[in-house]
Amino acid sequence: REVCELNPDCDELADHIGFQEAYR
């Protein structure tokens, strides 16, 4: 989601599950 780009917390999440999953 676009919110992920503005959410620093999502960056850590992406590190765990993968960017494609986090930014889906």
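Counting starts with 1 at the first residue shown.
Just so you know, glycine gets a Cβ as well, placed from its N, Cα and C.
Not measured: the values here are computed from a predicted model.
The domain 'Gla' feature in Swiss-Prot is assigned to 1-24.
Annotated 4-carboxyglutamate per Swiss-Prot: GLU2 (among others), in sequence order.
Taken from Swiss-Prot, the feature Ca(2+) 2 binding site covers GLU2, GLU5.
Counting Cβ atoms from all protein chains shown, CYS10 (disulfide bond) has 16 others lying within 10 Å of its own Cβ. The feature disulfide bond is assigned by Swiss-Prot to CYS4-CYS10.
Annotation comment: Swiss-Prot describes GLU5 (among others) as 4-carboxyglutamate, evidence class similarity to another entry.
Mapped onto three states, the DSSP output places ASP11 (Ca(2+) 3 binding site) in helix. Swiss-Prot lists GLU5, ASP11 with the feature Ca(2+) 3 binding site, giving similarity to another entry as the kind of evidence.
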